[in-house]
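Enquirer: Annotations for this protein, taken from Swiss-Prot, read as follows:
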SIGNAL    1-22  signal peptide
DOMAIN    30-161  domain 'Ephrin RBD'
CARBOHYD  ASN38  N-linked glycosylation site
DISULFID  CYS63-CYS102  disulfide bond
CARBOHYD  ASN67  N-linked glycosylation site
CARBOHYD  ASN84  N-linked glycosylation site
DISULFID  CYS91-CYS150  disulfide bond
CARBOHYD  ASN92  N-linked glycosylation site
LIPID     GLY206  GPI-anchor amidated glycine
Amino acid sequence: MAAAPLLLLLLLVPVPLLPLLAQGPGGALGNRHAVYWNSSNQHLRREGYTVQVNVNDYLDIYCPHYNSSGPGGGAEQYVLYMVNLSGYRTCNASQGSKRWECNRQHASHSPIKFSEKFQRYSAFSLGYEFHAGQEYYYISTPTHNLHWKCLRMKVFVCCASTSHSGEKPVPTLPQFTMGPNVKINVLEDFEGENPQVPKLEKSISGTSPKREHLPLAVGIAFFLMTLLAS
């Protein structure tokens with residue numbers, strides 16, 4: 001029985017608003033991009049690998065994962081950092097900030113996943129904020145002496161719409177807007193003739209022509225009611 005009021009409410013909601021309700025309180029929906037962070041991913045072993053995202057997109061980082069029969073002490077474990085361009089090129093995390101740690105390589109059922117949302121504003125004081133048109137850099141350092149010591153990735157936040165990014169749009173000037181020190185003489189275009197201005201009708205003493213016939217209409221209505229009652 002509780003589903004009936006909900007169904008009635010959905011029927012009353014205009015169709016254009018349904019996609020907005022499906023987005024939830026966060027606003028615009030973003031796409032998800034997946035990267036498997038391990039030495040077998042050859043893209044991470046070379047400089048220049050770039051993932052392009054839009055504002056409000058998600059980047060899912062999947063840590064190395066092994067089943068119970070996999071290797072023990074030789075399993076890959078990484079600490080991921082967000083660094084600047086110099087730290088990205090030299091694979092130096094000393095000036096970076098620690099983001100995630102992949103240290104549960106034998107997690108049950110599925111690999112550990114970390115997600116980064118490229119949002120313009122963060123609700124947390126220490127949260128990360130991302131801007132359209134900027135590049136961000138991620139590297140990792142292994143906790144064991146592995147052959148592939150440097151895994152790195154570049155993320156480019158592409159140009160999203162203003163509704164996604166939350167940034168105020170730059171106002172576009174109308175075509176008739178002119179620069180400073182330009183005088184516009186509107187009346188000179190009429191060469192002395194008065195422009196045709198529409199005339200506004202105004203009721204006298206606040207009475208409308210329809211109100212003048214009101215007593216007659218009331219009298220006719222009263223006459224018809226009397227005739228029907230007889």
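For all residues, glycine too, the Cβ spot is worked out from N, Cα and C.
These figures come from a predicted structure and were not determined experimentally.
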Enquirer: Are any of ASN38, CYS91, ASN92 (the recorded positions) within 10 Å of CYS63 (disulfide bond) when you go C-alpha to C-alpha, and if so which?
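Expert: Matched recorded positions: ASN38, sequence order.
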Enquirer: Give the sequence-ordered list of residues that share a chain with ASN92 (N-linked glycosylation site), lie 6 or more positions from it, and have CB atoms under 8 Å from its CB.
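Expert: Within the chain, ASN92 (N-linked glycosylation site) has Cβ neighbours under 8 Å at VAL83, SER86.
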Enquirer: Between the Cα atoms of ASN67 (N-linked glycosylation site) and CYS102 (disulfide bond), find the distance and write it as a whole number of Å.
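Expert: Cα of ASN67 (N-linked glycosylation site) to Cα of CYS102 (disulfide bond) measures 15 Å after rounding.
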Enquirer: Using a 10 angstroms cut-off on Cβ to Cβ distances, just flag whichever of ASN38, ASN67, ASN84 is the loneliest among these glycosylation sites.
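Expert: Output over glycosylation sites ASN38, ASN67, ASN84: least Cβ neighbours within 10 Å is ASN67.
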Enquirer: By Cβ count within 10 Å, point out the most packed of the disulfide-bonded residues listed: CYS63, CYS91, CYS102, CYS150.
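Expert: It comes out as CYS102.
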Enquirer: Here's one to test understanding: among the recorded positions ASN38, ASN84, CYS102, whose C-alpha is closest in space to the C-alpha of CYS91 (disulfide bond)?
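Expert: Result for CYS91 (disulfide bond): the nearest of the recorded positions is ASN84.
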Enquirer: If you compare CA-to-CA distances from CYS150 (disulfide bond) to each of the recorded positions ASN38, ASN84, CYS102, which comes out shortest?
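Expert: Among ASN38, ASN84, CYS102, ASN38.
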Enquirer: Rounded to the nearest Å, what's the C-alpha distance separating ASN38 (N-linked glycosylation site) and CYS102 (disulfide bond)? Just drop the number here, would you?
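Expert: Per the Cα atoms, ASN38 (N-linked glycosylation site) and CYS102 (disulfide bond) stand 10 Å apart.
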Enquirer: In three-state terms from DSSP, label CYS102 (disulfide bond) for me.
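Expert: Where CYS102 (disulfide bond) sits, the three-state DSSP reduction gives strand.
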